[in-house]
């Protein structure tokens, strides 16, 4: 809802307007999405009449999205990308009590004794970010990449546990809440029963069901699914202060937000271990799926001192339970050819349920792994889901063998193009199809790869679409993708109607391809399918060089100097660029209008060009991510290790051993005030003045 310009409107009238808008929007949502009517027609009409009269009396109150200016039934989810007010971090994992103890020991080293621990079951659901302004739910966003997610506000509002308005005392002006959307197991069973009855495939597990239900374009579909939600943290906020995590949970519950009834605060690691053990034994007694226990330092001041890494808070950890294991029959071993030519064997299994999912295939990684595991086609094998996610064959049940089993023989030629397979290097454990230019499998996988969220994120470009475009001959390879036209798609049955015109799905593909031309350079680099270059390396290259042209002109030594890149990735980039048709892909994309350079913010001075900065300890004015970004945006290199090549070490509270090492090596040490001066003025701003000569 747009902000109302109060002007000369009396506060009583403004508050009544806000109340009327909230009631009408709630009634519309219930009617058009939930198919329920909390108000009679007469009551609803009376509210609208009062709102219109109030806006006639005070025109300043009338906004473009007021109920008097909009049609009631226009509720749809477009999945637009939205920035999180505060980044959604992940959690580091512990898979044993030893790893949990090591984490607790690090906490004690950093903050001393006295930390208390909040324990809660780790829900296996879909992370969600809710934003409330003046107590009113204004946005619901999926986690996405932690910085940005998809707007699913209308869908979230259908979830039974999500309050549209916070109630109670001291509701904050602004509140970002983190939680998990999931299914109770009985709700999941009911959904699947309905799908089977309707002749549709059931969901594999409750988490997939939750994700699929929340990402419906029509929120009326989401409203039919019995989704639940629990909150487990807060992000950005104004008007809410708390000293403990458990105290924050109490406030959230008092305002009407659902928190877990199983949260427990304990004083010792032994009590944490007991909590973990209890839910490990009773995980299937919980009404929803859990895959571990989350342990957090309860005291907020200690959380601040501990800080965060680039991906996870240091004051929290997820203890992951051992994955479930089952036995089933290994029906066959087949191979898959990936986008870089890697040939990977996979197991074809008698379908079996493990960790809540039905598994029919599992990875075997490579031929050496098949030999190491000792599995034969026809074996009874032990299957688990590593991390409760990726199916994996552990090995055979040897005593169940009948003698009819047979060994798997790795093919010597590509199953898709017939090219002889080979190791790319003598020490390469994988065999590859060297026909990267025209192998149908590699072409298909590379085109499909561009659809991924880590690359160009192109909707309507699934694996079937990639295959159809190549089979129809409208593209020769990924280089042609961004020049597709409607005339091209007329020749692709997948994208045409019975009348021979381009379908809505085809038009959506073209629109998506057009929109995705304007992407950060790192996404373009990922999209090129250069071996070893994933999002992390691509970001480092984009930060270091800024443009594709600069990368093309760089030597292997230049590329290896980018932080986190090194000689292996540098060699892969140089080798890739040495291939003519690879450079043709870059040329085609450039000519099609794909952005090949990042625009640098010229307003930020490049005061740290060529400098390596280490920040250690907690700073009052910067989070760790903010300090790193401040260094990178000014041309510097942010490092986590102190060496003779370090230019400056910035020391905050609880700095630890890095400050001592800096002094031993003679590296200049700055406090936070010095860091700010360095950012603004460069090395000259923090240089010690020479002593003035004595007099007399």
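Just so you know, glycine gets a Cβ as well, placed from its N, Cα and C.
What Swiss-Prot says about this protein:
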ACT_SITE  122  active site, N6-AMP-lysine intermediate
BINDING   41, 42, 43, 44, 45, 90, 91, 120, 143, 180, 296, 320  NAD(+) binding site
BINDING   414, 417, 433, 439  Zn(2+) binding site
DOMAIN    603-692  domain 'BRCT'
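Structure coloured by features recorded in Swiss-Prot.
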| residue | record | DSSP class |
| --- | --- | --- |
| 43 | NAD(+) binding site | helix |
| 91 | NAD(+) binding site | coil |
| 122 | active site, N6-AMP-lysine intermediate | strand |
| 143 | NAD(+) binding site | coil |
| 296 | NAD(+) binding site | strand |
| 414 | Zn(2+) binding site | coil |
| 433 | Zn(2+) binding site | coil |
| 439 | Zn(2+) binding site | coil |
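Across the binding-site residues listed here (91, 143, 433, 439), the residue whose Cβ sits among the most other Cβ atoms within 10 Å is 433.
The two recorded residues, residue 417 (Zn(2+) binding site) and residue 143 (NAD(+) binding site), have Cα atoms 40 Å apart.
Mean per-residue pLDDT, taken over the domain 'BRCT' (603-692), amounts to 82.
A separation of roughly 46 Å, to the nearest angstrom, links the Cα atoms of residue 45 (NAD(+) binding site) and the residue listed as 'active site, N6-AMP-lysine intermediate'. In this structure the alpha carbons, written CA, of residue 296 (NAD(+) binding site) and the residue listed as 'active site, N6-AMP-lysine intermediate' are 12 Å apart.
Long-range C-beta contacts of the residue listed as 'active site, N6-AMP-lysine intermediate', restricted to its own chain and to partners at least six residues apart, with a cutoff below 8 Å, comprise 290, 291, 292, 293, 294, 318, 319, 320. A distance of 39 Å separates the Cα atom of residue 414 (Zn(2+) binding site) from that of residue 143 (NAD(+) binding site). Excluding 414, 417, 433, 439, which define the Zn(2+) site, the same chain contributes 337, 341, 415, 416, 418, 419, 421, 434, 435, 440, 441, 442 within 8 Å (Cβ to the Cβ centroid), listed in sequence order.
When the binding-site residues 43, 91, 143 are compared by Cα distance to residue 439 (Zn(2+) binding site), the shortest distance belongs to 143. Cα of residue 43 (NAD(+) binding site) to Cα of residue 433 (Zn(2+) binding site): a distance of 70 Å.
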